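> Heads up, here are the entries from TrEMBL:
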BINDING   L21, R22, A23, R24, L25, K26, T27, N139, K140, C141, D142  GTP binding site
BINDING   T27  Mg(2+) binding site
Amino acid sequence: MVISLPQVPSTFSYLVTDDVLRARLKTVGVSEYRCEMEAAAGREQGTEWRIVDVGGSRSQRGGISSISPPHSLIITPSATWVPFFDDVDAIIFLAPISGFDQVLAEDRSVNRLEDSVLLWKAVCSNKLLANVDLVLFLNKCDILDAKLDSGIRLAKYVRSYGDRQNDLDTASKYFRSKFSAIHREYSPLPRKFYGFCTSVTDTTTTAGILASVRDMVVRRHLKQSKLL
């Protein structure tokens, strides 16, 4: 991780939360993190979560070791890895919708957004994940907003967008509807769609979204235990 702090006129540089959030750390292989989620209403103590981050680039979509629950989340899995993750509580899929006008670094003939759509289809349609909750993060909405404000036309790159308004609210609703339709059409079994427009550098909003994910997982466990 490399962080530049030119704004600090001192021999000693101190990291603040915003510096950490904006630092880019490339995921290579599998990274596992453990953290305690804030306690839900009616509970005195939070629950420890295992969060497993797997690289989403094409070069990293290969086989990896099995990681088991309890309370595990898998972020952006590949169809190749699916057999290892059929018993997790939830999969959080990050789709960077700001990449509509960009191509993959490893294959410049492939649009980044289209690659996310194809991977989302693969995850939704896999029968081994039929009973796993899928949570979609339409990520980097702040960057998408800046691009649209600068005059870049979404319809130029996404033909199906048509003559809709070129603003964040309209675009995010369009993408949410598009990914939701894929989820509904390709899922082997009926399941609820969870979709959020996110900017992970916005800590307040992201904290609220993660709380919603936590509650969703808790409800799932209660339902499986026939307590709900």
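Here the Cβ of each residue, glycine as well, is placed from N, Cα and C on the backbone.
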> Out of K140, D142, which has the highest number of nearby Cβ atoms, where nearby means within 10 Å of its Cβ, if these are the binding-site residues?
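Answer by Cβ density within 10 Å: K140.
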> Could you check what DSSP calls K140 (GTP binding site) once collapsed to helix, strand or coil?
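Its secondary structure by DSSP: coil.
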